[in-house]
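J.: Before I ask anything, here is the structure I am working with.
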Amino acid sequence: MAAPEAWRARSCWFCEVAAATTMEATSREAAPAKSSASGPSAPPALFELCGRAVSAHMGVLESGVWALPGPILQSILPLLNIYYLERIEETALKKGLSTQAIWRRLWDELMKTRPSSLESVTCWRAKFMEAFFSHVLRGTIDVSSDRRLCDQRFSPLLHSSRHVRQLTICNMLQGATELVAEPNRRVLETLASSLHTLKFRHLLFSDVAAQQSLRQLLHQLIHHGAVSQVSLYSWPVPESALFILILTMSAGFWQPGPGGPPCRLCGEASRGRAPSRDEGSLLLGSRRPRRDAAERCAAALMASRRKSEAKQTARAAPATRVTRRSTQESLTAGGTDSKREPLPPATSHEAPGTKRPPSAPATTSSASASSSTSSSKRAPASSAPQPKPLKRFKRAAGKKGARTRQGCGAESEDLYDFVFIVAGEKEDGEEMEIGEVACGALDGSDPSCLGLPALEASQRFRSISTLELFTVPLSTEAALTLCHLLSSWVSLESLTLSYNGLGSNIFRLLDSLRALSVQAGCRLRALHLSDLFSPLPILELTRAIVRALPLLRVLSIRVDHPSQRDNPAVPGNAGPPSNVIGDEEIPENCLEQLEMGFPRGAQPAPLLCSVLKASGSLQQLSLDSATFASPQDFGLVLQTLKEYNLTLKRLSFHDMNLADCQSEVLFLLQNLTLQEITFSFCRLFEKRPAQFLPEMVAAMKGNSTLKGLRLPGNRLGNAGLLALADVFSEDSSSSLCQLDISSNCIKPDGLLEFAKRLERWGRGAFGHLRLFQNWLDQDAVTAREAIRRLRATCHVVSDSWDSSQAFADYVSTM
């Protein structure tokens, strides 16, 4: 009897509290109604009025509300602001209540954006709070504009920071200065433990103060935090100083900027122990060689440069203080100051402000980790102090008043702050000279021969495991820096380089990957490489990568246009270095997934077969736009797959003309090891469809291991669809459970007949059926009836596509 009594007591308490505030709330509701010319509005329901009163006094009533019975609490949840709604989550779950629908409605009403159809949202609370954090940080949302977002007892940034798993920094590094400000220390501490992915999009030129803030932010989030992935997107003209800063910090190197505050966490970690003479070398690995004269010279140059920058920073300090003060004032005005949040009741699991223990510097590096950045030219003293980043490194020769530094006596450049001179020379000639100077730098010679400052003076901490560069053109000095960092980046597990304009720098990349693969503890297992052009044909490049990284598990490579070596008639066509291309056999590797996107032109089948023969563990192969000289060459590839790749489960062909390879297609469909085959836009039924379709169906009926067949874009038509229905007949041993027939000129009457045949054979549910971009809008009633019947047999995925867009395709099939 105790439980019902407690329930009634809580209900009475709720009614008493609500009644005490009802008159005040009613007067506020009625006042505007009397003055309205349109007449009085309908009063809110009594329970809703009571709920509003309780939600407005949650600061006093929170513990009592948490103890309310489930039915009453369920009605109050939609009336709470986002802060109390987030805090009550655990209690609601214990009472069998879900807040997901409330968070979804908040997303629709406040964020006003629709998630991507490809995105599967598992937790709307986390998604909303993460987006809310980003909007508040950038100042793109006014928390005072909606009562559900505004509460003086909470800091929007601090309260939502624990849900942030992915943070995006855009344009002029907005948000970096705010996050490292002293009032937001607890916000940054929370981010250090919750944030996993850091993204940079559409970066623009930034000043020294913004870069200093970013340096502190990256140090806290990567070196002392949990960030494991850094991605850069769409940076058409990268600022070299900023790009190299992001790279070196991601690789685990840390050098406090000139005039910057010391790291509190580093001080706590080193407090209580005497500094070691060889501390720098220990941080870089026990097997690091001793510093030679050139490296000592480079370190001295860096120290000189930092002193000069410290003077500039001191002169710019007043302006910086004004900027930071105005930034903090704007944050305070927006309600984003880090006040101390009210502690939840004793039943809450929340413990805001819990300090993360500082991470100790990593000491597992087993080889030299010096960064390599090319030496830059100092601008004249009368030039503007702002850096002028360029797409390519320019020499200062011929520029009046410019000074060329040579040797150690000249003034140095810091690793993170380059000033470039625009010279009147041709870019190609300058790149060639830089390449001549840089030759051999990645083959074991001293990086100081490039004039690159050594990083031995830097401490090395925790580094990220995933690096992604999308549409970020790499200049020569940026590519050299990346390659030199990669050669000892043993913690890196996944590397993506997409449309970076590597050009001849691909050879330096191969050298660095080869050096990385021999390092003890190398973890690189996934490489994604795509570009417009490549100095190597794609198959030779694939062979070189597989030889350089024999432990690689996933390789995705795409080249959009053929290289010069694909056209021997091009004059001055020089071959690659001898250590990159060789005729020797490829050693056995660990590849499990290989994806290749080919440029136009016939590909040599023997080269592809050599890669497949060495990849005995291959489980997934995807060929995009591959062209072979003859069907026999394609058959040679398929025969190699059957003999050497016995573990292959998934095979995909996209945008390939297989109209003349019907016997090879039948050979694939009879393979009893494959579980999934994709023929996407392969023109399968362009020739002899009446003879080929029955042969194809017969091969599939006898294959009991094939689970998925994808045939989008092959002009199957109604006749082909009805022929495929025979795969599910009673005399078939097929176990097909996924079928994709998108973009196949299928009409509603054909789809309806297909559904009736499946019903007649009674095979039961066979899985998923995809029907995107077919001509189902020509008879909407028949299409709806067909889909209704199909849904009793399988899970149907379709869309409302306008078939008039496919007029040309329709004419071609008349």
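Every residue gets a Cβ built from N, Cα and C, even glycine.
Keep in mind that this is a model prediction, so the values were computed, not measured.
Residues or ranges marked as compositional bias 'Low complexity' in Swiss-Prot: 354-385. Look at Swiss-Prot and you will find 389-403 tagged as compositional bias 'Basic residues'. According to Swiss-Prot, the feature phosphoserine maps to Ser155, Ser276, Ser326, Ser375. As annotated by Swiss-Prot, phosphothreonine applies to Thr327. According to Swiss-Prot, the feature region 'Disordered' maps to 265-408. What Swiss-Prot lists as repeat 'LRR 4' is 615-637. As annotated by Swiss-Prot, repeat 'LRR 5' applies to 638-661. Summarising the annotation, Swiss-Prot assigns repeat 'LRR 6' to 703-730. According to Swiss-Prot, the feature repeat 'LRR 7' maps to 733-754.
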J.: Sequence-remote contacts (6 or more beyond its ends) of the repeat 'LRR 4' (615-637), Cβ cut-off under 8 Å?
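T.: Residues 546, 558, 588-603, 605-606, 608-609, 644-658, 660-661, 663-664, 667, 678.
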J.: Restricting to the repeat 'LRR 4' (615-637), report the mean pLDDT as a whole number.
T.: 95
J.: Which bits of the chain, at least 6 residues beyond where the repeat 'LRR 5' (638-661) starts or stops, bring a Cβ under 8 A of a Cβ in it?
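T.: Result: 609, 612-613, 615-627, 631, 667-668, 671, 673-684, 686-687, 710.
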J.: Take the Cβ of Ser155 (phosphoserine) and count every other Cβ within 10 Å, whichever protein chain it belongs to.
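T.: I count 25 other Cβ atoms within 10 Å of it.
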J.: Does DSSP put Ser155 (phosphoserine) in a helix, in a strand, or in coil?
T.: coil
